[in-house]
Amino acid sequence: MKIIKVTNQVEGGKAAFDIIKNEMVAGNVKTLGLATGSTPETLYQEIVASDLDFTDMNSVNLDEYVGLEASNDQSYHYFMKKHLFEAKPFKNNYLPDGTTSDAKKECARYDQVIAENPIDIQILGIGENAHIGFNEPGSSFEGTTSEVKLTESTIAANSRNFAKKEDVPTHAYSMGIKSIMQSKKIILLAYGEKKAEAIFNSLQGPVTEDVPGSALQNHSDVIIIVDEAAAKLLK
Ligand SMILES: N[C@@H]1[C@@H](O)[C@H](O)[C@@H](COP(=O)(O)O)O[C@@H]1O
């Protein structure tokens, strides 16, 4: 596990961009695993401002809220379009379909998408409770795509993006930890003091399903990009 400390989120976006660019130039990337949330926004800004071409590449996103149409401005489809896909077209962009009510079928479909598009580099943010994707504490490390019930703390944290807390969906489809761990390379980004505990527990605490991010300790190629505040509990 390599830890890169940066001064702020803009520098973090640049550091992640440089890694992705080098891997792309070396011909190592066919499929990029993407994340939502405010954390990867500066990385996406770097990509948009660059001359990198994604038209031969595929993207696979981690998750989507259940019940939100792609046109809903709170959906992760919408987020990705706005922050990346509109400016940088890919061959295919895959996300779970939040409007499908047949959860079993949708999760099987998404597992198939992941199997057909092995992820070369997976970008991750982390929740304050150390969730990755939407895999909340207690999620199995052997899990594949599933419908997840969001915890109260995740709903509270994510409510800042919604008009009111009641608008936050209670469920999401999320890629499982097993699938995340099958990515060849993982870049986890975290900024701000609110993430300090999650970063410490994930990187230096025991490896346990109570801390989803701690699964990353078992991966052979993980790069953590953190600012001082998120790194402040690390020893
Ligand atoms: N499902 C997403 C995660 O993938 C993301 O890492 C997390 C943190 O969001 P933020 O980057 O806005 O702090 O939020 C959501 O729950």
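Heads up, the Cβ atoms here are built off N, Cα and C, so glycines get one too.
Summarising the annotation, TrEMBL assigns active site, proton acceptor to Asp63, His131. Among the features that TrEMBL reports, active site, for ring-opening step is placed at Asn129, Glu136. Residues or ranges marked as domain 'Glucosamine/galactosamine-6-phosphate isomerase' in TrEMBL: 27-221.
His131 (active site, proton acceptor) counts 26 other C-beta atoms within 10 Å of its own C-beta, drawing on all protein chains shown. A sphere of 10 angstroms centred on the C-beta of Glu136 (active site, for ring-opening step) encloses 20 other C-beta atoms. Rounded to a whole number, the distance between the Cα atoms of Asn129 (active site, for ring-opening step) and Glu136 (active site, for ring-opening step) is 8 Å. Taking only the Cα positions, the spacing between Asp63 (active site, proton acceptor) and His131 (active site, proton acceptor) is 12 angstrom. A 10 Å cutoff on Cβ-Cβ distances gives Asp63 (active site, proton acceptor) a total of 24 other Cβ atoms nearby, all chains included.
Around Asn129 (active site, for ring-opening step), the C-beta neighbours below 8 angstroms that are at least 6 residues distant in the chain are Glu136, Pro137, Thr151, Ser153, Thr154, Ala198.
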